[in-house]
Amino acid sequence: FQFSSPLAHTAFTSSSVFSSGYAPGYAKLNRRGGAGGWSPLDSDHYQWLQVDLGSRKQVSAIATQGRYSSSDWTTRYRLLYSDTGRNWKPYHQDGNIWAFSGNSNSESAVRHELQQGIVARFLRLVPLDWSEEGRIGLRIEVYGCSYWAGVINFDGQGVISYRFKVKKMKIIKDVIALRFKTSESEGVILHGEGQQGDYITLELSKAKLLLQINLGSNQYGSILGHTSVTTGSLLDDSHWHSVVIERYRRNVNFTLDRHTQHFRTNGEFDHLDLDYELSFGGMPYSGKPVGGGRKNFKGCMESINYNGDNITDLARRKKLDTSSFRNLSFSCVETHTFPVFFNATSFLQLPGRANHNTISVSFQFRTWNPDGLLLFSNLDDGTLEISLEESKVVVHINVTRTTSNNRVDLSSGSGLNDGQWHAIRLVAKENFAMLTIDGEEASAVRSTSPLTITTGGTYHLGGYFLQTLFPPSQRSFQGCMQAILVDDQPADMHAVEKGTVGAFENVSLDMCAIIDRCMPNHCEHGGRCKQTWDGFSCTCDGTGYTGATCHTSIYEPSCEAYKHLGRSSETYWIDPDGSGPLGPFKVNCNMTEDKVWTTVMNNLPPRTTVTGSSRERRTVLQVNYSASMDQVTAITTSAEKCEQQIAYSCRMSRLLNTPDGTPYTWWVGRGSEKHFYWGGSLPGIQKCACGIDRNCTDPKYDCNCDADNKQWREDSGLLVNKEHLPVSQVAVGDTNRPGSEAKLTVGPLRCQGDNNYWNAASFTTPSSYLHFATFQGETSADISFYFKTSAPYGVFLENLGNTDFIRLELKSPKVVSFSFDVGNGPVELTVHSDTPLNDDQWHRVMAERNVKEAVLQLDQTYRASQLAPAQGHTRLELFSQLYVGAAGGQRGFLGCIRALRMNGITLDLDERAKVTPGVKPGCQGHCTSFGMYCRNGGKCVEKYNGYLCDCTATAYDGPFCTRDVGGFFEAGTLVKYNFMPEAVAGASRDTKIVTHQLTPHEVNLTKEEVAFSFSTSSAPAILMYVSSKTQDYLAVVLRQNGSLQVRYNLGGLREAFAIDVDQRNLANGQPHSINMSRVDRSITIQLDHYPPVSYTLPDASDTQFNLVKTLFLGKVFETGHIDPVLIERYNTPGFVGCLSRVQFNGVAPLKSALRTAAQAQGKLVESNCGASPLTIPPMSAATDPWRLDKTDAEFPFNEERVIPDGVNRDSAIIGGIIAVVIFTILCTLVFLIRYMFRHKGTYHTNEAKGSGESAGESADTAIIGTDNPETIDESKKEWFI
């Protein structure tokens, strides 16, 4: 209907009229009567046009027009509405008091649909801005439907009782709907209960709506079934609010004024068991006292519906018990408060009694601000100030006399900026002052200081802007006041409104425009919302999230992501769904050479004993993890594969063997599904590992335990179907016979890889794109992805709405842009990179938009942000498909997009690309971005999803080639590495001899690169010796005094050129590292972290190292020429200690020895020698968000500490120290005994046979020998301890 057109002239009223032809009755759309519309006397912010629709109507739209054929129109206006023509409520939209855009000329009509339909009898339009050429001019039309609802007035005494048809009701489904309005902040709206402890209560508590429901719980009575949910706020505003509660079993939708909360009730039961009755307006009216002293509801309710029954109608027809009412009224009795609304520039001036010796003022106020001026008055000889300071009420009375100065300060209350109404009363007279808050006489604050008062007669409320000798500490107030009494006289606000009493500035009368910006709460993930009158802020401390609304996770989504930040194995917090509902949790990340394993520990002790269970009464063992089931499921869903070890040790306890097909023991996996197969078998195959391999102890059975033997047996294996993992319960069913016993072990869940992280697509043509369902990100949206391109521009993704849109694009080689429109006009954020982004390397983009701000971040280096406007639209409404890789076919993106996550959900680009022309799944070329993590000469190798570091040519190991490979040498241990293709002397028959044809420049060297670390406590020793077929050699030795010497003999000199590198004793048990390089004559040597020192070979020396043959570590055992000085001084008893990361011209002899040859009699033990420095510089604690030193205290997610591999660190250290002590004692004993029985070996050898057979195998061969394996002397004694 169009409501305005048929209304009489008298239905329109206004604040003022320019002249009779401009009367409000002419303000009808498209009419030309009178002067063609309404114009007020003055064009200012105090004007309004009001329509009385005759009765309450449902209003859905409003249209405005300027005054006919004039330059008068309204460009912005506010809409107020009311049932009574009093107590106005401003129209709200998007969490703000809404300002409608009006007209830009006098003829065209502008119509606005109301997002939130309103029910009202009176409408008031308040012009905010108007035509610059003219004045305010207005014609309006209101659209909507008729409205009727049965109203019941609750007086705070009466309760309506709805009796059930049967005594006891078991209700599985409920729909309760009603509308209420009240000025009270407490009161029970409905209540029902049953004798079993079930109940449902809907009540007002602190002007919020509280729903409490209990369907019962079988454990500990009904205590665990209690569920309570709060919604709404400021509901004591004497305006209508609609509530709908829909329940089916344990699922509840709780809707207040179109804002719905969905929750599940606690406990296990689905039915609400109520007895006798459901009461509306209060607790049941019976002889017993009202439980918990809860107040009854006082106010009005309408349209009360309970499961299809119209309660209002039944009460009207006297079908319900309403005997508790004194007189039941079916019309709403209005409360007569007159609120006043102050902004930061307003004041209200009221007259009081002058020259009186007593001040008495009282009023109610509500605000969100902690500070503000409530009341100020100039006394005859001083000042009175009532202020809000730090959420307390403070009173200052200053009296200045010629004889004396009197000052009284009172302070009372706390937390008074909570948005609730608070009452203040101040009485001050001779030598006495008293301040009372919220009517609590018991806690009133009194003063009996000397005081003489003479009132000045004028009171300013809510602001004081005049110049005065003693100004107030605060100047203004944002909030509302009502029930104002000055000098015991109620302020006549109607007279103030007409202008006959007092004065005011920028005050809104008869309305309280307070908004709760924390309801609904825009702070996500448990962030705490704090608000002032103008805005809100979120505190995200301890949530694991960051940003203006605590939306974005501060943690990486997986261990895979940590590896690609160059992190090593450790315990990390991960958040698999990013900004989604799952919280962060701790896992162990194990970075191996080519895989990343994520481990989630559980609390079931290994070999848990089970007894006394039968098939009728199985013992169920719960397996709880250090993360919730949803969190663990997030890991298994995105993992490439998962596994979990499960083991059943048994004595006379059968595992699966049953006649009827149901096994004795089963386990429960994801989704509470039972599984009848065991570790090592596959889904659907009811067997154990031995049944699959056909090697069970009794071939008749498919499990070792099923043979029912009296000896201990075991069935164990890996469960590998990741859709079934993790194991959450094991039900054991055969340990109740005499002598039967079982022990159960469930290992940690281990998962490998992260498919989401590598989910990628390559866009090969500019017109190709992928499309997905519309992006749902109304109030908060976050988008993150990696891209790699060599193109100068391209759109990453776009989604359109009617006018709203969201788009991310590469604008130019150095600029990424994030643009969107939520209805306030387009916004664009750009970040400028210092280096071009089309360098074919991976770059990370993160964009977020919420009601507070928009942020764009590139590579965690560049960031741009923009605050959202204080007023305006906040919802992003999209309806087209989401396009990835182009925008409507324009400016298409060429390159790769990977790991695209929107609001925590990873889009499956890989799968969609398989069926889209011009787009390929996956992406090559990860090494360009991640190759830098392969250290120490490791080569980066491309994989389909990622990369790995190939460390074979280095002296290092580990995922990033940063782990030292070293060996512990005992006396006499040596490592021998052959460069020459001839038969090698000194090889035992079972050692492989490897030949390798070297090119001439490899045989005759003009440069060497040598690097290794060592630690030892004994000298002398030969650390490294490189021999040749000529007399040339290179040796690195420790002399008797522990100093380091390098010896070069390249020919041309009478004796070797010796370099004393350092005179200190390096045989001090500490790790030392040496780096040495020679190019022709110049030699550079660096010891530890000292600066490199250069040396030069004498001119007489040759510069070619001819016919390089063999490299020795630890001891020399050579057939050809050897320097006698070396043998006599340094070669016995041999090096004892640790050598690590040995490299000589690109080969790693020690690593080859440990990796390819057998360890000779355990003499060479692999060890990292404690010499590994951190090759990746550590982040500072301040910039490292993953540092775990504080997080245990801050994060209450999982109380169990996750201990890597189940080893406690302290005990590991103590055990390590004990082991080192024992090892040292043993070594000393061995050394002493070996020394006592040592045998001087002779240097003659037999040529090894069979060198020809082994030609053509790998070149890098090392032979580990002890003294001389071929020359065995009969008299030699070997002692092993």
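Just so it is clear, glycine is given a Cβ too, placed from its N, Cα and C backbone atoms.
Keep in mind that this is a model prediction, so the values were computed, not measured.
In TrEMBL, the cysteine linked to Cys923 by a disulfide bond, out of Cys896, Cys940, Cys949, is Cys896. The Cβ of Cys896 (disulfide bond) lies under 8 Å from the Cβ of Ala760, Ala761, Ser762, Phe763, Tyr786, Phe787, Lys788, Thr789, Cys923, Gly925, each on the same chain and at least six residues away in sequence.
At the 8 Å Cβ cutoff, the domain 'EGF-like' (924-962) and the domain 'Laminin G' (982-1169) share at least 3 close pairs (sequence separation 6 or more) and count as touching. Its Cβ taken as reference, Cys923 (disulfide bond) is surrounded by 25 other Cβ atoms within 10 Å in the chains shown. Against the domain 'Laminin G' (759-923), the recorded stretches 1-145, 514-551, 982-1169 differ in Cβ pairs under 8 Å, and the greatest number is found for 514-551.
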